[in-house]
Amino acid sequence: MSTPNQSNTNPRTFFLMGIPDLEALHVWISIPFCITYIMALLGNSLVLLAVSLDKSLHEPMYYFIAMLAIIDLIFSTAVVPKMLSVFWLGSREIGFEACFIQMFFIHTFTAVESGVLLAMSLDRYMAICSPLRYSALLTGARAIQMGLLSLARGAAAMAPLMCFLTRLPYCRGRVVPHSYCEHMAVAGLACADPAPGHRYSLAVATLLVGTDSVFITFSYSMILRAVGKLPSQEARVKALTTCGSHVFVILTFYIGGLLSMYLEMFPFDLAPHIQVLVADMYLTVPPMLNPLIYGIKVKQIQEGILKLLGQLAGLGLTSY
């Protein structure tokens with residue numbers, strides 16, 4: 001297909017429907033999404049500030065937690081503000097380029113988060129199974145390099161999909177039956193066959209998630225074996241508590257992501273608003289839960305946040 005034909009065929013804007021069949025309830029539905037967004041912003045910002053300002057948290061494990069906080073902030077901000085503008089103001093219009101930029105950020109950082117969760121599992125594996133070599137094997141610089149590698153991997157995996165989708169001619173309307181520019185919903189508006197893009201995204205998602213989940217499962221199975229051999233019950237409880245918070249985050253991410261993806265590809269005769277709500281919740285609820293989990297389960301993060309809040313309160317009192 002030629003470029004002039006694409007420019008004439010493709011719309012300059014798309015229109016987001018919001019949640020199909022529930023348009024009359026948009027204002028009420030927006031309230032929990034707004035609350036989760038505010039909590040995600042506050043919680044992840046506090047985690048980032050605590051890790052950056054407290055020198056005792058300048059260790060690989062906390063760097064990975066900070067990376068998750070950055071990813072959650074990007075996730076939330078890429079989706080929720082526009083979603084709320086649709087729900088509250090009826091501002092459904094989104095530019096052609098902006099739509100695919102939003103899609104690229106969502107898919108890329110989904111892959112990045114999978115890579116960071118894998119790095120966290122390897123970090124805990126080395127800390128528990130090889131504690132004497134841990135400091136030499138995994139430094140703060142290497143943790144940051146692993147995060148950058150996850151970012152490069154995610155961007156490299158999603159760039160071909162975005163190139164394919166932006167080159168499709170879109171002539172079946174401009175209304176996206178979703179709250180954001182979801183891949184399958186946008187591709188459904190193309191008047192060319194989007195099946196190659198569907199197959200590529202399914203293959204990449206399955207390959208990335210499958211590979212990462214295998215290594216994560218192996219890491220935590222080895223961790224459980226090592227924890228069972230620890231002589232002190234207190235040490236076993238501490239290790240299980242730290243790893244338990246990681247496992248909960250991993251399960252929330254993978255189960256929610258796979259459920260959302262496969263419901264979009266194979267709807268199983270579900271009502272459209274069910275599919276959209278599941279996808280919306282996957283992108284909004286975990287970013288709120290992750291800082292709560294780490295703030296409650298990881299004692300050092302909790303102490304860092306409390307210390308930070310104490311310093312902020314002290315600054316507020318001295319200003320009067």
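Each residue, glycine too, has its Cβ placed from N, Cα and C.
From the options 134-152, 153-171, 267-285, the stretch TrEMBL describes as transmembrane segment is 134-152. Across the domain 'G-protein coupled receptors family 1 profile' (43-294), the model assigns an average pLDDT of 84.
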